[in-house]
Amino acid sequence: MPLFFSSLPASYDLIALFSLSFLAATILPLGSEWLLILLLQKGTYQPETLVGIAAIANYLGSCTNYIIGLYGGSFLIRRVLRLSDRDLYRAQNFYQRYGCWSLFFSWLPVIGDPLCLIAGIFRMNFPLFSLMVFSGKVVRYAAVAVIALKLF
């Protein structure tokens with residue numbers, strides 16, 4: 001484990017995991033799995049706690065995308081966030097093809113963030129959005145944790 005992370009007070013661990021997981025679900029090109037794996041290796045917290053924090057934060061980041069789509073629509077997506085037409089088109093096709101089930105895969109790279117934006121643009125039912133997105137996030141982080149714990 002890098003010396004920098006092992007020397008941080010434990011109280012920063014969960015804040016860092018929450019913040020990075022939240023930001024990773026927005027349009028910013030970040031990943032949070034590496035920090036989850038580091039904290040699992042550190043062994044200070046129960047894996048369920050880390051998975052829960054990462055999933056909740058990542059879900060809230062996806063909700064941010066949903067709200068941007070709901071209220072900002074295509075102006076914000078094209079002009080402010082500068083999402084490419086190609087990424088938006090791919091996410092829209094995926095969403096139209098698989099409907100609400102596509103949001104279970106909102107954690108996927110490239111199309112995941114635009115999927116949540118499109119759900120907002122299409123004014124998808126928010127409780128259904130929440131169920132699908134949060135379920136996908138929990139499965140994703142749980143899978144990362146299980147694999148990391150078995151490998152390390």
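For all residues, glycine too, the Cβ spot is worked out from N, Cα and C.
Quantities reported herein were computed from a predicted structural model and do not represent experimental measurements.
Residues annotated as transmembrane segment in TrEMBL: 12-30 (among others).
The domain 'VTT' feature in TrEMBL is assigned to 45-147.
Residues or ranges marked as transmembrane segment by TrEMBL: 50-77 (among others).
Using a Cβ-Cβ cut-off under 8 Å and counting only residues 6 or more beyond its ends in the same chain, the transmembrane segment (98-122) has close neighbours at 25-27, 58, 62-63, 65-71, 73-74, 77, 83, 87-88, 90-92, 128-129, 132-133, 135-137, 139-140. Taken from TrEMBL, the feature transmembrane segment applies to 98-122 (among others).
Marked as transmembrane segment by TrEMBL: 128-149 (among others). Long-range neighbours of the transmembrane segment (128-149) within the same chain, counting only residues 6 or more positions beyond its ends whose Cβ lies under 8 Å from a Cβ of the stretch, are 25, 33, 36-37, 40-41, 47, 50-51, 54-56, 58-59, 62-63, 66, 100-101, 103-107, 116, 119.
Outside the transmembrane segment (12-30) by six or more residues, the chain places 36, 39, 42, 44-45, 49-50, 53-62, 64-65, 81, 83, 106, 112-113, 116, 137 with a CB less than 8 A from a CB of the stretch.
Using a Cβ-Cβ cut-off under 8 Å and counting only residues 6 or more beyond its ends in the same chain, the transmembrane segment (50-77) has close neighbours at 14, 17-27, 32, 36, 39-40, 83, 88, 106-107, 113-114, 116-124, 126, 129-130, 133-134, 137-138, 140-142, 145.
Taken residue by residue, the domain 'VTT' (45-147) breaks down under DSSP into 87 helix, 0 strand, 16 coil.
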